């Protein structure tokens, strides 16, 4: 038997049987302009009413009319196609779709009457055709974008692609890898109309991806395609986004052009960032077949970075991305040709399946339908749609004109079985939850933040009335997960209309600082209609007196601000309460109140992040734990969780094997022979804030030494932070004296630690530290009150002083040097040459009243000494950041805006320690750090050879580290447990290595102090050399 072949062309019999249609069409083509549409509708009705009419003849006759020279005939034929596709698309689309290319050419027709009807007919074909025929439509539209085509044709094709993205978004999404290059080329067209249309079309086709994470960046991505210079900035923007959806082929297709360009950028940082994004997006891809589509497109760029990039760290990241992409693609490296679905093979499957079915052979299915069905099957293969019902429905729609529906099913199954493989299923482990208690949510999602994959196909199931402790290491995404819930970014999580979710975090803004406490709550959009009495009663319930409710928000301490946030959340009557470090800034009494309040909420679910193990033990009914990018729920509180998972004992122990902080050695202090000798002293000091009726601090006297380990305790608002600010020089006492060693340096981490970096969030940690210390001085130190000169002080320093019998006016203090057991300072006088500079003892300068200027000079000299030993180069700064658990991924290559709260605190701590300080002052150091990091901090404090002063409500932390306690109550100080004087001898230590900006490492030579005998021999050698008339240098001895 001869092999089956579909009817190709039109037989003479078919033409004879269709003569009545041909005659009717010829008659319609002759109609006047005002009757053309009516005549076209009659022809359309004739086609619809004749089931035996050969539609191949219809297609051919319409093509002849559209390609002829008669403009009126073109208009009528276009109206016929438009009417048929609107009313009878299923029957005629296989025959009329090929005419789309003719309509594209007619968009540039010379006759103005032809162009609009051609546009209308083309739009109708696009909107009425089967959505799965998109893969057949697109090649026709791409042909219309060819450079040889008229600009009207190009613009029309672009408009049709945009329309296609509206009517068939899923199908367009699957075809994005083919669409984006074609439209991108048109963005560089010489014709303005084409460029504008291309940009608009690109935006619309990118929006079909339906990925809420990428949608905000689509304008930037589109702009990058037209302006490659924007690639670096766009890469940085995308690196700081939060991903909450599994990455599918359409999402990666949008990103691919940017990533390819970023990998080819000249800047190492951009290449590295692109590699990180590839690494993390591919980790979120579940289907290896989808990842394989991008292996031939992205792998070559990664290989080039690995082979040619000079920076070893960048090569390492690119290697990791290469491996992730390779694994995501099923550990197979395939070429682009191997991944293409062969249309000819699909056509062969359809033809052979028909040939194997006797009924189908007798049906004599024509080539128009075979080609159309092949196109639909081709798309189903490309999109890996394995649904039998869909497959059967699609084939039946077009073959039912030749066969009975019951005869088509075996044929459809045969075609389907030969085209598709079995779909792989993904097993998702469910979590252990209590049955019988209502679910608030049960959803599955993925989550990423910046350059890190946080969760992949994780399931979250929450029960009403349960209290969940969210546990995991710093940077794993605890706060990010809660923020994603609050912002409605999690797939399947109920909307805020169904489930009231309130996020309580440390983000109280100072812009409303003048509002009273009550008014601050009432301006909230969700609470503006709440009765004032209810607000006042709620505030009273958390401890706000009537007097406190009337005062400004800006006057509240950190603890009271957090209680205000909690009160606001209570008033919103949440179903789910999201608490980010709720015990931060709260004293013991208020922590107990919070525990009682949360446990009393039997109908409200709470999710909380806290590093206070006692709090989690008291409050939690369940623990949600991060495990290999999944969430696992354990029954019971923290102690029960640790019983089930012993490796989590770090939540109880203030020691860490996973994380280690290394504090730098304090700089050498002249005349300080042992660690117990005071290096700062406050005597009878008081401080009163402007406009307040009484002092915050009253008549205190304290000292600190290198051996000090001091805890500052007291209730919220007692004056602890004010005492610390006075100690560090952020404020000057209104009465009393402050003395400190001229070369002493402080490291100060404030209660609201982020204020140190809030104006630098678009920089990396490395860049921030380089900026802060690039001049050798700490730019934050320059902003302190003790460094600012008042008008009266400036006038005082301009008063003449008597020096060597002359009246002199100081211009500046230039430098400092050792003088006996003190210092002397080089003074530059006004209107005098440099040669007249004078070296004046410190005591003399103090007598003239220049204490503040001396302090400024001392700080500057101390900073300069550190700059010479350790210049703030990128390599040196990253080495320093490594000592605080912040690797290059987050320290050098990620902007601080994308870091977690704990990582930001590490940045602040590392920056504070850059100048090798002698005293470390920590205001609430346990805020935002996880247990591992707290353990690392505790170990570093124990090993630190400088003094430590800390404010903390974390009793476990302070009791393990301190021997002396300063109890502050209502502005008065009581000192307990003063430690014995440490007489440990101090030895000067120097940096063993210095790394310059080019990465060159220089070994430093440490000079040993000469013995008396060696000094005498050195003096004798010098005198002998001078007697011989020779120059003598110390280097001659080396």
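Keep in mind that glycine also has a Cβ here, set from the backbone N, Cα and C atoms.
Copied over from Swiss-Prot:
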type     : residues                : note
REPEAT   : 93-131                  : repeat 'HEAT 1'
REPEAT   : 133-170                 : repeat 'HEAT 2'
REPEAT   : 213-249                 : repeat 'HEAT 4'
REPEAT   : 255-287                 : repeat 'HEAT 5'
BINDING  : 406, 716, 924, 927, 953 : ADP binding site
DOMAIN   : 426-654                 : domain 'ABC transporter 1'
DOMAIN   : 680-995                 : domain 'ABC transporter 2'
REGION   : 1012-1038               : region 'Disordered'
COMPBIAS : 1021-1031               : compositional bias 'Basic and acidic residues'
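Positions of Swiss-Prot features highlighted on the structure.
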| residue | record | Cβ neighbours (10 Å) |
| --- | --- | --- |
| 406 | ADP binding site | 8 |
| 716 | ADP binding site | 20 |
| 924 | ADP binding site | 22 |
| 953 | ADP binding site | 25 |
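The DSSP breakdown of the compositional bias 'Basic and acidic residues' (1021-1031) into helical (H, G, I), extended (E, B) and coil residues amounts to 7 helix, 0 strand, 4 coil. When pLDDT is averaged over the repeat 'HEAT 4' (213-249), the result is 80. If you look at the repeat 'HEAT 2' (133-170), the same-chain residues 6 or more away from its ends with a CB under 8 A from one of its CBs are 93, 97-98, 100-101, 104-105, 107-108, 115, 119, 122-123, 125-127, 178-179, 182-183, 185-186, 189, 191, 193-194, 197-198, 200-201, 204-205, 207-208, 210, 372, 375-376, 378-379, 382-383. Under DSSP, residue 406 (ADP binding site) is assigned to a helix (H, G or I) in the three-state scheme. Across the repeat 'HEAT 1' (93-131), DSSP helix (H, G, I), strand (E, B) and coil residues number 30 helix, 0 strand, 9 coil. Secondary structure of the repeat 'HEAT 2' (133-170) per DSSP, as helix, strand and coil residue counts: 31 helix, 0 strand, 7 coil.
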